[in-house]
Amino acid sequence: MESINDVSEICLQLVNLNYSDQLDFKLNLIKQYIPNLLTNQVIASPLVDNYRNKLRFDIGLSNHDLITIGYSLPKKKNTHRYVYSSISMKHLHPKMIQIVSKIELFLRTHEQSWYSIKHGETLLPSMTIRTSFHTEDVMIIFKFKGPQNETVINYFSSDIFYEIIESIEINIVIEFSDCRKIVKGHNYIHEKLDDYIFKITDESFFQVNTLATEVLYNKVLELTMKYIKPTGQDILFDLCCGTGTIGIYLSKIFTKVFGIDIKQSSIIDANHNKLLNNIPNIEFICNPIENVLEKLISECLEKNPDSTFFAVVDPPRTGMHGGVQNTINNCPNLEYLIYVSCNVVTFKRDMEILGKQFEAIETICLDLFPHTPHCELIVVLKKIDLSIY
């Protein structure tokens, strides 16, 4: 029979290794894909335990017939579909442990037919918690398998619910099949990264390890300053910009920043973050990179032939999409590209194309995901001078 240990080892595969051994494991794993890796260390996360600012939890029956908030095994391994408690897992933020415990108590003591343990399938399969390290903001997103339901809304806005969660100040959103409903507060929280503050909505992407993200962005800033050749007309392209975090972070050393992303909600959030941080020299564009990058470079050169161009890309775990790699290769004026990757497999795949025009000249490995095999890569790519061949 499956057990909580099975679930813990699936979520946190390296949890039984001491931390220095975890870092060695990550480095060796990366070298399997990149044998000529330009570094021999993985920088440690500032926080090894309790580091996550976002987690999704399953809701369902435990093996003791109790409604439980935690994790279940994949279907092929979970014959009973039990959900196992998550509160002892090392990656949870302390507030998450507190919230999970209180909401679990509420669900057990105020049971409803739409998620009852007496029924085969719950209509409340999961919840997500987003929290912050520097602002104390918290948001809970409940997922409901069905259209908007006033009974469900009233349940999570009842006095009894808030009596149980007591002093925790939270924002609550319910994701129905046909809409998202704000039950309490807002559908966003705020988080600080060094001197900057960012709005994070229920749909936003934001790095899951806040303290390590500050290290990550400072490393990107250091590398950018190391390789940029200031002319007074320095232009940055923040590709796959999401909510604008990296572009905003680097904006102080560039004349102009263009953030490009295909997700409209991300661009809306990015523009809000631009105003929140009073960054006048950044422009966010909702469009495929393939459609606008070369055009933007041409327009900048028309305005000022002395313009220099730098790019940073932080794609999702699946890597670059479509023809982005070829689009980047087709920009002769783009001398440097910093590739930030959380997946060495897709980075290697993308480099099979980017490597036709760019070569890696510096790499930093940083642990954003303690107790798991995952690791963040920062790779500086420089345009190859093909004229010498």
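Cβ coordinates come from backbone N, Cα and C, glycine included.
Model, not experiment: these values are computed from the prediction.
Swiss-Prot lists GLN207, ASP261, ASP314 with the feature S-adenosyl-L-methionine binding site. Marked as active site, nucleophile by Swiss-Prot: CYS342.
Around the Cβ of ASP314 (S-adenosyl-L-methionine binding site), 23 further Cβ atoms fall within 10 Å across all displayed protein chains. The Cβ of CYS342 (active site, nucleophile) lies under 8 Å from the Cβ of ARG317, LEU368, PHE369, HIS374, CYS375, GLU376, LEU377, each of which sits 6+ residues away along the same chain. Cβ neighbour count for ASP261 (S-adenosyl-L-methionine binding site) (all protein chains, 10 Å cutoff from its Cβ): 24.
Of all Cβ atoms in the protein chains displayed, 22 besides its own lie within 10 Å of the Cβ of GLN207 (S-adenosyl-L-methionine binding site). Listed in chain order, the extra residues whose Cβ falls within 8 Å of the Cβ center of the S-adenosyl-L-methionine site residues GLN207, ASP261, ASP314 are PHE205, CYS240, CYS241, GLY242, THR243, THR245, ILE246, PRO315, PRO316, VAL340. If you compare every pair of Cα atoms in GLN207, ASP261, ASP314, the residues listed for S-adenosyl-L-methionine, the longest distance is 17 angstrom.
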